[in-house]
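*Asks:* OK, Swiss-Prot features for this one:
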- 369-384: compositional bias 'Polar residues' (COMPBIAS)
- Asn264: N-linked glycosylation site (CARBOHYD)
- 364-384: region 'Disordered' (REGION)
- 1-40: topological domain 'Cytoplasmic' (TOPO_DOM)
- 62-69: topological domain 'Lumenal' (TOPO_DOM)
- 91-110: topological domain 'Cytoplasmic' (TOPO_DOM)
- 128-134: topological domain 'Lumenal' (TOPO_DOM)
- 152-160: topological domain 'Cytoplasmic' (TOPO_DOM)
- 183-200: topological domain 'Lumenal' (TOPO_DOM)
- 222-236: topological domain 'Cytoplasmic' (TOPO_DOM)
- 258-276: topological domain 'Lumenal' (TOPO_DOM)
- 298-305: topological domain 'Cytoplasmic' (TOPO_DOM)
- 351-384: topological domain 'Cytoplasmic' (TOPO_DOM)
- 41-61: transmembrane segment (TRANSMEM)
- 70-90: transmembrane segment (TRANSMEM)
- 111-127: transmembrane segment (TRANSMEM)
- 135-151: transmembrane segment (TRANSMEM)
- 161-182: transmembrane segment (TRANSMEM)
- 201-221: transmembrane segment (TRANSMEM)
- 237-257: transmembrane segment (TRANSMEM)
- 277-297: transmembrane segment (TRANSMEM)
- 306-326: transmembrane segment (TRANSMEM)
- 330-350: transmembrane segment (TRANSMEM)
Amino acid sequence: MVEDKKTDDYTIEMDKMDQGSKNFEAAAPPPQPRTPPAGSISNNPILPVLAYCGSSILMTVMNKYVLSGLDFNLNFFLLCVQSIVCIVAIQTCKSCGLITYRDFSADEARKWFPITLLLIGMIYTGSKALQFLSIPVYTIFKNLTIILIAYGEVLWFGGSVTGLTLFSFGLMVLSSIIAAWADIKHAVESTGDATAKVSTLNAGYIWMLVNCLCTSSYVLGMRKRIKLTNFKDFDTLAMFYNNLLSIPVLIVLTGLMEDWSSANITRNFPPADRNNIIFAMILSGLSSVFISYTSAWCVRVTSSTTYSMVGALNKLPIALSGLIFFDAPVTFPSVSAIVVGFVSGIVYAVAKIKQNAKPKTGVLPMSNPPVSASSQSMRDSLRS
């Protein structure tokens with residue numbers, strides 16, 4: 001499944017639930033495995049970094065391509081297709097012995113179902129926000145979720161925020177203000193119906209606000225729910241249950257709340273672009289799996305510190321992809337917003353690294369040393 005993510009930005013203390021994790025790592029090797037040569041391609045740190053960045057850009061661009069259709073309104077159906085593709089992909093990987101995780105358990109599914117509902121809310125509102133906003137603005141505003149999660153940790157888990165982290169939050173808010181101002185300024189000054197364009201942007205900002213609230217609720221709720229499910233292979237199991245449990249819910253929602261008349265289907269899937277749209281929907285589902293694998297690969301062959309910095313730096317190419325592949329306005333204010341948002345991500349990553357180097361006392365749980373590759377990857381499958 002998509003989202004948003006989210007990322008890179010949500011380092012959660014998993015109470016060491018990731019110990020013994022097998023997610024997106026090769027199945028247990030036979031005794032006395034051979035150590036790969038130092039020059040092995042799979043151990044080249046450049047490749048996983050590029051693959052991780054490419055996967056993130058691919059998922060965002062594919063989602064925007066589908067959602068930017070003239071009248072696309074089958075968002076629940078899009079999310080359902082992505083969930084089905086993700087389940088097929090990870091089950092195929094399990095059958096081939098590439099990954100391992102526990103079989104389905106009704107008791108675990110029952111405990112995890114509330115989190116799945118929060119995830120559906122998160123990815124649906126994220127898809128609506130991305131539908132109305134440009135990729136650069138969407139990427140910039142997504143940073144605000146970090147602030148909500150941080151202070152949620154302060155309120156409910158007894159954490160604290162350092163001065164450098166607080167400074168990065170200020171930059172995130174500033175970049176969002178600049179981005180909104182640049183968008184509205186461009187809409188007013190451009191040709192056409194300025195009122196309609198501003199109205200569209202306002203709808204996007206509202207969906208983005210709701211998405212930030214849903215995302216923070218999902219991440220904070222997931223932190224508490226992990227203790228109930230006792231997931232050891234957390235990352236793959238969370239992805240498995242999230243997608244599997246969401247499929248019937250999304251089928252019901254798309255059947256009841258979306259227009260399945262032949263006219264609307266033709267409007268959403270015009271004959272000239274139908275195959276491309278279907279391909280993009282499938283590829284966007286696969287890309288969430290790619291992100292999970294490549295982020296785990298990145299941590300395995302580099303370090304958690306490198307991974308944190310890559311996550312921060314990755315925001316720039318994602319934002320730029322909106323300028324390259326879509327008609328996002330290229331103005332001085334919009335570029336300034338991207339730069340400030342990019343700097344805020346770097347400052348936040350540096351703040352996390354500094355906190356990880358200090359004793360754990362007085363530090364937010366989300367700022368403790370990053371968890372294993374498997375738990376790291378879950379955050380990235382949430383970005384959209």
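Numbering starts at 1 and runs along the chain as displayed.
The backbone N, Cα and C atoms fix where each Cβ goes, and this holds for glycine too.
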*Asks:* Determine which residues of the chain contact the transmembrane segment (330-350) at the Cβ level, with the cut-off under 8 Å and only residues 6 or more beyond its ends counted.
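*Replies:* Here the qualifying positions are 9, 136-137, 139-140, 143, 146, 164-165, 167-169, 171-172, 174-176, 178-179, 181-183, 185-186, 308-309, 311-313, 315-316, 319-320, 323.
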*Asks:* What is the pLDDT of the topological domain 'Cytoplasmic' (351-384) when averaged and given as a whole number?
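*Replies:* Mean pLDDT across the topological domain 'Cytoplasmic' (351-384) comes out at 52.
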*Asks:* With DSSP as the reference, give the number of residues of the topological domain 'Lumenal' (62-69) in helix, strand and coil.
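*Replies:* For the topological domain 'Lumenal' (62-69), the helix, strand and coil counts are 6 helix, 0 strand, 2 coil.
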*Asks:* Give the number of CB atoms, excluding that of the residue listed as 'N-linked glycosylation site' itself, located within 10 Å of its CB.
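*Replies:* For the residue listed as 'N-linked glycosylation site', the 10 Å Cβ neighbour count is 14.
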*Asks:* So which of 111-127, 161-182, 201-221, 277-297 is most in touch with the transmembrane segment (70-90), counting Cβ pairs under 8 Å?
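*Replies:* Per the Cβ under 8 Å count, 277-297.
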*Asks:* Take the C-beta pairs under 8 A between the transmembrane segment (111-127) and each of 41-61, 135-151, 161-182, 237-257, 277-297. Which stretch has the highest count?
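*Replies:* The stretch with the most contacts is 237-257.
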*Asks:* Hey, does the transmembrane segment (277-297) touch the transmembrane segment (41-61), meaning at least 3 C-beta pairs closer than 8 angstroms, sequence gap 6 or more?
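*Replies:* In contact, yes.
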*Asks:* Thinking of Cβ pairs under 8 Å, which stretch from 201-221, 237-257, 277-297 has the most of them with the transmembrane segment (135-151)?
*Replies:* 201-221
